[in-house]
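Asks: Dumping what Swiss-Prot says about this protein:
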DOMAIN    4-176  domain 'Flavodoxin-like'
BINDING   10-14, 91-147  FMN binding site
Amino acid sequence: MSKAVVVYFSGYGHTKRVAQAAAEGAQASLVEIDSEGNIPEAAWDLLDQAQSILFGAPTYMGSVPWQFKKFADATSRKWFVRQWQDKVFGGFTNSASLNGDKQVSLILMHTLASQHGGIWVSLGLAPANTSASSRADINNLGASVGALVQSPSDADAQAIPSGDLETVKLYAARVARIGQQLHA
């Protein structure tokens, strides 16, 4: 059984890099939502067997893109039979701006997990909020609900700040660890 799964949509490659960091931190399987908002049929079984699931999506125009929302709506067949009841969930999002209304995307993911009767894991990392803080610091965007990432709009995925990627790794490891503890 795969203990942790990262399911994500990436429009321009930035979220894919973040999802890979999350998978590394959680030692998780990766499931990519395609450009039509679908996942492979076998991926549904992988999600069903997981102890913990991390959602990932960019924030476009103040929320998740339609491809992630289509996936979220497709989970209703799991909701109907309470397939994901008591699973552990977390989520991450990125946008080009430091704020970019990313919190809305995390709240959507949190709500989706709650609809399924899941247990949402907070970030659990103190913010880097002193005058000496930099973008290389852990949780330099000051998140608490989940992981936030800023991806420069004029650069490729390699330009994502190291502090953001490390924050995602640590958070994903926390989600997976709590999933293992609750389902031991």
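Cβ coordinates come from backbone N, Cα and C, glycine included.
Relative to the rest of the structure, where do these features sit?
Replies: In this model, the domain 'Flavodoxin-like' (4-176) carries an average pLDDT of 97.
Around the Cβ of Asn94 (FMN binding site), a 10 Å sphere holds 27 further Cβ atoms from the protein chains shown.
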Asks: Are there residues of the same chain, six or more positions away from His110 (FMN binding site), whose CB falls under 8 angstroms from its CB, and which are they?
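Replies: Non-local contacts for His110 (FMN binding site): Phe89, Gly91, Trp120, Val145, Gly146.
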Asks: Pick from Ser10, Ser134: which of these binding-site residues has the biggest number of other Cβ atoms within 10 Å of its Cβ?
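Replies: Within the set of binding-site residues, the most crowded position is Ser10.
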Asks: Measuring CB to CB from Ala126 (FMN binding site), give everything in the same chain under 8 Å that is also at least six residues away in sequence.
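Replies: When sequence neighbours closer than 6 are ignored, Ala126 (FMN binding site) has Asn139 within Cβ distance under 8 Å.
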Asks: Could you tell me which three-state DSSP class Asn94 (FMN binding site) falls into?
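Replies: Strand, per DSSP.
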Asks: Which one is it: of the binding-site residues Gly118, Gly142, which Cβ has the fewest other Cβ atoms within 10 Å in this structure?
Replies: Gly142
